[in-house]
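Annotation source TrEMBL lists Mo-molybdopterin binding site at B:91, B:94, B:95, B:149, B:184, B:232, B:237, B:248, B:249, B:250. Positions annotated as domain 'Oxidoreductase molybdopterin-binding' by TrEMBL: B:112-266.
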């Protein structure tokens, strides 16, 4: 037990996690430089960065259940970094689409967002993630008050749903849902666990409230 | 990095970019001469490399299937031919998997010998043709067509085959036949994804009779001077250069003449997204992909602006009259 905590608290643990999170980026970057991204590199880049955004959402949502179930509170210190990497990948995803697919043609992009529900939902997810990334520093928590800050950051539940919808609609064109269902299953499990905890806590508190009224 | 501007891009190639037919043919002749002539084996190897460099690919992996230069109007585009590697490793062939790299990996299980195509329905001469009979039915032609995928990418591919109309003339459809239906192979034993519910198998495609009779509609047996690789629809497929790629059914086993518009695979799967006609049309967008632009695989760099898509994929002069007076927004 102690050694695990020590490992997670080690000075190198954060840099190591940081580098791990950057690995997909490096892989794609060098892939693009050396022409290793397959026949249609633009498509590969856009898809891979979208995949990694979804994966990071899952990883971020995993932190709390893992922390509670494994009784490892120290895990929480990586959550902000993982959250920011989610934003990092969604920004690259948006950039790759805007640049490689739309050639930074802003009117074209706006038209695309209005016309295509799946792009609109993707863009909305990005917009909703932005305040979370912007309020990720310590002072923001102080200024906002912990309660309000926490409420804002619960937006990630909505964002995960929108992200999945974006992916689902993208794949709907080709009736190709296998991967979508895998991500949806993971997100459902992670959000379901929270719901279950919430109900349990409510029941407990109502029991204790009942007990209190008896006294 | 190659930066293309609109003026040097797609609509009208600058003359210097175009390989003239004479030069193109000349190179082929030189290469052939070198490969077969006194220069011997060493020179043949060099000629092979030269052939690749000149975009006259003859990959030498499969049996040769040569075709004479086609004289059909619009049948030979002068654009750079896509690489054989790209053409055979980036395929949509859902029977072998939904990822574009799946068919190249999985299609080796497809059994193309023996093969026959049944001609059925409203036709005077219903019968089954063996592949060998079909190959000999009319002289093989080489056609260099643009291929535009509904997903927004394109290639330029040298096909070998002959106009479907040659076969249609032979089998004599009845006057009641208004449509042609193509049924492609759906063999769960050799096609791993036929078990999936992605589409309603077998894959069915169709054409109106006048479209099927258009000389550009190619009954295709080969590409790059060889027989078709499995992932590209061996041993016989359709190629319809003015329509999105998915209209061109692969590995055809049945051609039926009907009086009703066939229910096609993608139209059945998503009616509002894939119409029966599916002509390449930059003005009618797909809900997921803008059709105004496209990326030419292998030629347009990562940061090159996508090129403008042409009406009927650039074959408007040839096929436009088939759709005269039709509302193409409704009949997409």
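Note that Cβ sites are derived from N, Cα and C of the backbone, with glycine treated the same way.
Because the structure is a prediction, the values reported are computed rather than measured.
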Cβ-based isolation winner (fewest other Cβ atoms within 10 Å) among the binding-site residues B:91, B:184: B:184
Query: DSSP three-state call for residue B:95 (Mo-molybdopterin binding site): helix, strand or coil?
result: helix
Statement: On the domain 'Oxidoreductase molybdopterin-binding' (B:112-266), the mean of the pLDDT values is 97
- line: Cβ neighbour count (10 Å, all chains) around residue B:249 (Mo-molybdopterin binding site) is 27
Field: Densest Cβ neighbourhood among B:95, B:237 (binding-site residues), 10 Å radius
entry: B:95
- prompt: If you measure every Cα to Cα distance among B:91, B:94, B:95, B:149, B:184, B:232, B:237, B:248, B:249, B:250, the residues said to bind Mo-molybdopterin, what is the biggest one in Å?
  reply: 19
- prompt: Under DSSP, is residue B:184 (Mo-molybdopterin binding site) helix, strand or coil?
  reply: strand
